[in-house]
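For reference, the structure discussed in these notes is given below.
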Amino acid sequence: MTLQDVLLSVVGLVAVAGGVAVVTTKQLVRAGLWLVVALGAVAVEFLLLGAEFAAWVQVLIYVGAVVVLLLFAVMLTRAPIGRSSDLDRPALPATLVGAASGLGLAALFVGVFGQFQVPAPAVGTAERIGDSVFGAWVLPFEVLSILLLAALVGAIVLSRPAAPAPQDASADAVAQGSSR
Amino acid sequence: MSIPGAGLGKGLAVTLKTLVTPSTTQQYPDVAPELPPRSRGVIALREENCTVCMLCSRECPDWCIYIDSHKEEVVVPGAARPRQRNVLDRFDIDFSLCMYCGICIEVCPFDALYWSPEFEYAEYDIRDLMHDKDRLGEWMATVPPPPPHDPLGEPSKEETAVAKRASAS
Amino acid sequence: MIRPVIPLVTAALLFGLGAYGVLRRRNAVLVLMSVELMLNAVNLVLVTGDTMRERVTGQVFALFVIVIAAAEVGVGLALVLRLFRLRQDINIDQVALDDEPRTGPPFAAPALADARSGAAAGAPTLDGEQA
Amino acid sequence: MTWDVILRVALVAVAFLTLPLIVGQTEHKVMAHMQARLGPMYAGAFHGWAQLIADGVKFAQKEDVTPRAADGPVFRLAPAVALLPYLLVLLVIPLGPGDLVGQQLDVGLFFVLAVVGVGVIAVLMAAWASANKYSLLGGLRAAAQLLGYELPFVLSAASVAMAAGTLSLPGIVAAWQPWWLLWQLPATIVFFVSGLAEIRRPPFDMPIADSELVFGYLTEYTGLRFAFFLLAEYVGIVVISALTAALFLGGWHGPWAESVGWLWMLLKTGAVAFVVIWLRVSWPRLREDQLQRLCWLVLVPLALAQLVLTAGVRVALG
């Protein structure tokens, strides 16, 4: 075990512990905060693996934007302080699938890469990634931009209040329209 | 058509101008404030002038003047019978009630009450704001002389009276 | 020297946790959070793969995944808020695909900190419409 | 090597502890004089220079209250989360030419943008954990604000990174030329405005909005935890001012930059911080929807146009 191994293990443990808390906590907003811990730990793993750029993108997009959006949504809907009792479904199928996929994959990785060692990566620069993105992967990149645009438009359309109800609509529709 | 943002710029200009203008704040405990004449600080009592007519006490809107007195016979030599005179026993002003309207000073017919500009008589106990006649008398020393007459204003009653008498004779 | 098996196992466990969460959780936002965990596990595998092969292809893919995740969360949360507006609840068990909007006044009392939440009185809740 | 690292971290810590106090004191005095007052005059004898120290002592003596309905751990953790990102950002801001920076980072700009954005999580934590509707409203405003300003913030920073051809902060400052002041002017304005929104300073202090929301997400905080939030606000001013100075105003560039470059950087940072204070005194608070309108209809198009311009000039210059 080298120093990097130890750090990777510790940070990995933090990530897994955060993940466990996300899927088991009974408190809605705390789940979001634990998600910050898990995602932040993954970002640190990226750093340790030499993927500096990916790490900061992870922090910027995930911790800075995605989690904020999630927390925002949680608070906009229903976020009591303290435990909620109706968050979970029956445990058995989920446990089975989760344990099978997680432990199975883990066993597979251990079996294949168990004793595999690679030299510690140098800290990567943004330049190589830029070359790669705008060289080999420029077409997927452009497709991704279109996807983002479509998602943006879709989100706006979805969250827009419905058009005002016509005059002869039922009382129900009027009640809904007036409440907006 | 106004330039967009002109108002914002004006706001910035105003604050910047105020910033470079020296502030005129007086640092009160270090620097004595320059009070205007006729400042209403505290009410002073000239006890000798008081005849216990009770006008001030009765006119006071919040009833903060307390007066007690008794009558005394004064034998005046040469007079047929002794005169009666009011003697002031108590003259208290409760400055925790006083609203500094100055009506008592206005109505006093014998100039027994005066405004003094002293204002530093705060107390830790509200009961200490009740000033008795001795304390009110001490304030007399701080009463400023009356301001000189406005040279362009009407002459005082006394002056007109004297002038009239002189012209009549 | 590092052992890539460590981040890989971390990723596998995170993925398992995410899968568990997606199946276990009833609240739509919590399901989205679990999906994020799974996506992150995949990212971790991709970046670890880079370390083993000394290329940046995996990182590029990880970036793509992150961007897609952001888009997914945007649309997903729009859906969740829409659902909340219609039903005052984001419990995904209660949503039938041919569901009609709940009739009656849209702001029935139980929208906020209701009895089921078991929250302390005055727990901060808002309804979506006003935002 | 190790000593070098320790020295750098210590210097950054000193900057972290002193610069916000200086900015805070400047705010006291400048704001007072802009309102035709004198401001603090007594603490520390000469023009109240020790006022903030006195404030700190006062805060330390206050009772630390956690409301009964609050989510205790989250409530208590939030001030630290608010402070940490700005401390990390200070590490990578270049002070002078050569190696005068806490930590050289190849993707420094990206790091800064990523970490600064984390601060809003502290706001959400504080807002939600307070169990107070005004706090929650403040937090929601802060989150909504983030959605507005984050995009122009990143886009305008991307413009200058594109102009310099590097993501490293010292690299950007080194590549800076005086004519960039004109060329990057729209980006400067966009960055500064969205930076103001980022640190929730007036005129973008809707999450606090004392006239509407009591004190927004800070309503329930007392004592040292409140002081931490205040400190975070002032460090935020330092960070945004220093970033604006480094990215757009040329950082250490100026006469005799080799020897007194750090002084130029500090002066420029101070000048920007002064503007931040000046705006607070002069302008009224925007409404939340006005901020969204400003961000999406003015700042984002402006930043995109600037990006096009930057790319065009870069291509034209070869």
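Glycine is treated like the rest: Cβ placed from N, Cα and C.
Listed in TrEMBL for this protein:
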type	residues	note
DOMAIN	B:41-70	domain '4Fe-4S ferredoxin-type'
BINDING	B:CYS50, B:CYS53, B:CYS56, B:CYS108	[4Fe-4S] cluster 1 binding site
BINDING	B:CYS60, B:CYS98, B:CYS101, B:CYS104	[4Fe-4S] cluster 2 binding site
DOMAIN	B:89-118	domain '4Fe-4S ferredoxin-type'
REGION	B:138-169	region 'Disordered'
COMPBIAS	B:151-162	compositional bias 'Basic and acidic residues'
Additional residues surrounding [4Fe-4S] cluster 1, by Cβ distance to the B:CYS50, B:CYS53, B:CYS56, B:CYS108 centre under 8 Å: B:ASN49, B:THR51, B:VAL52, B:MET54, B:LEU55, B:SER57, B:CYS104, B:VAL107, B:PRO109, B:PHE110, B:ALA112, B:LEU113
Other same-chain residues whose Cβ falls within 8 Å of the Cβ centroid of B:CYS60, B:CYS98, B:CYS101, B:CYS104, the recorded [4Fe-4S] cluster 2 site, in sequence order: B:ILE43, B:CYS56, B:GLU59, B:PRO61, B:ASP62, B:CYS64, B:ILE65, B:ILE93, B:MET99, B:TYR100, B:GLY102, B:ILE103
Cα separation, B:CYS108 ([4Fe-4S] cluster 1 binding site) to B:CYS60 ([4Fe-4S] cluster 2 binding site) (Å, whole number): 11
Spatial neighbour of B:CYS50 ([4Fe-4S] cluster 1 binding site) that is closest, considering only the binding-site residues B:CYS98, B:CYS101, B:CYS104 and their CA atoms: B:CYS104
Pairwise CA distance, B:CYS101 ([4Fe-4S] cluster 2 binding site) versus B:CYS56 ([4Fe-4S] cluster 1 binding site), rounded so that it is a whole Å: 12
Collapsed DSSP category at B:CYS53 ([4Fe-4S] cluster 1 binding site): coil
DSSP-derived helix, strand and coil totals, residue by residue, for the compositional bias 'Basic and acidic residues' (B:151-162): 6 helix, 0 strand, 6 coil
DSSP-derived class (H/G/I helix, E/B strand, else coil) of B:CYS98 ([4Fe-4S] cluster 2 binding site): coil
B:CYS98, B:CYS101 as binding-site residues, winner by CB count within 10 A: B:CYS98
Per-residue pLDDT averaged over the domain '4Fe-4S ferredoxin-type' (B:41-70), given as an integer: 90
Euclidean distance between Cα atoms of B:CYS56 ([4Fe-4S] cluster 1 binding site) and B:CYS98 ([4Fe-4S] cluster 2 binding site), Å: 12
Three-state secondary structure, which DSSP defines for B:CYS60 ([4Fe-4S] cluster 2 binding site): coil
Other C-beta atoms that fall within 10 angstroms of the C-beta of B:CYS56 ([4Fe-4S] cluster 1 binding site): 23
Assigned element (helix, strand, coil) containing B:CYS108 ([4Fe-4S] cluster 1 binding site), judged by DSSP: coil
Integer Å distance between the CA atoms belonging to B:CYS104 ([4Fe-4S] cluster 2 binding site) and B:CYS56 ([4Fe-4S] cluster 1 binding site): 4
Number of Cβ atoms other than its own within 10 Å, given for B:CYS50 ([4Fe-4S] cluster 1 binding site): 21
Cβ-Cβ neighbours of B:CYS60 ([4Fe-4S] cluster 2 binding site) (radius 10 Å): 20
